[in-house]
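Peer 1: As listed in Swiss-Prot for this protein:
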type	residues	note
BINDING	ARG12, LYS13, GLN158	substrate binding site
BINDING	ALA69, MET70, THR71, SER99, ASN128, LYS190, THR220, GLY267, ILE268, ARG269, ALA288, GLY289	FMN binding site
BINDING	GLU159	Mg(2+) binding site
Amino acid sequence: MQKNDDLLRERRKDEHVALGVKQNENLAPSSLEDIQLIGTSIPRYNVKDIDLTTTFLGATVPFPFYINAMTGGSRHTKRINAELAEIAREVAIPMAVGSQSAALKNSSLIDTYQVVREVNPKGIILANVSPEVDIQDGIRAIEMLEADALQIHINPAQELVMQEGDRSFSHWLSRIEAYVKNSPVPVVVKEVGFGMTRETVKTLAEIGVTTVDLAGKGGTNFAQIENDRRRDQAYNFLLDWGISTGQALIDMQHADAPKIAYLASGGIRNPLDIVKALALGADSVGMAGQIISSLKKDGVSKTIEKLELWKEQLRGLFVLANAKNIAELKETPLIVSGELAKWGSLREIDLVQLANRK
């Protein structure tokens, strides 16, 4: 029985990658297209003046983007993790691994995650567990990678669509609180593409969480992935569940939103999307599907070249926004229009204030 469970988990990991890459060819809107930065025609800064440094889970890092939780747990995904770690090392950005549950249950799969630290011995690496994993195993996951931080992914919608998924969730909050109190490294709580509302963030802040990844809709859709894995595809009606990355970011502009650090991910397609997310308060921006699709299509070297180009393009966008650094970018005026503006108004967000920031 254990062997069958292990094989099922390995197959699921491989299916997640294959279906995620396929999805990246036709992504849903992230709502970031409804956000327009108000730039300048007379920049105050030169490109060389721009400082992209940001704070990432207590560490100072040179660039405001990272490789988000992706994969691990099978022979095939070991190679992918090695290549992602090489990209992270060469581009000097943090990286999160995918859920380590497979390795915690089957020690023969530990190397499919540890390869990340072997390839990138000095980089910032995030371990990854579900709230289903107890504290002792969570610490094992951290030690497995000599991780610098721990990502706890919350994914009730995915679990409900997954035939073999969890059906009990009421203990998650107390488990997350225990992690916050006992983890030897910083903790970030992350959605998996369904977005966090300000109410969810407030609930997490009340138990001591200091950083969240809003992880909105617009990137990899795990409800669709799990539905596609089902023979009956019985959850077609749930494929649009959740809030977009743009909606999650706008929701955090409410006066009552908790004042904690947040990251943004979900449908980030280009440097302009990164800048928009940073302007709406994110400290850094995560990408998963975009990077793995580039890796599959173009290989490691071309993906590194692409991300190095993004750094230079980010500096140019900061110049256009008249912002020398991320702190100044967060004061740049921006217009919210279209469906996102309607949504923001119903959520009582002061869109006029955003449009007239100084």
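Heads up, the Cβ atoms here are built off N, Cα and C, so glycines get one too.
Show me how these features fit into the structure around them.
Peer 2: Taking Cβ-Cβ distances under 8 Å and a sequence separation of 6 or more, the neighbours of GLN158 (substrate binding site) in its chain are GLY165, VAL192, PHE194, PHE222, ALA223, ILE225, GLU226. The DSSP secondary structure for GLN158 (substrate binding site) is helix.
ALA288 (FMN binding site): 26 other CB atoms within 10 A of its CB, across all protein chains.
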Peer 1: Rank the binding-site residues ALA69, ILE268 by the number of other Cβ atoms within 10 Å of each Cβ, and give the residue at the low end.
Peer 2: ALA69
Peer 1: Which residues, sitting 6 or more apart from GLU159 (Mg(2+) binding site) on the same chain, put a CB under 8 Å from its CB?
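Peer 2: GLU159 (Mg(2+) binding site) has long-range Cβ partners GLY165, ASP166, ARG167, PHE169.
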Peer 1: Would you count the other CB atoms within 10 A of the CB of ASN128 (FMN binding site), including those on all shown protein chains?
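Peer 2: The Cβ of ASN128 (FMN binding site) has 29 Cβ neighbours within 10 Å.
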Peer 1: Per residue, counting other C-beta atoms within 10 angstroms of the C-beta, which of the binding-site residues THR71, THR220 reaches the highest number?
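Peer 2: Top count of Cβ atoms within 10 Å goes to THR220.
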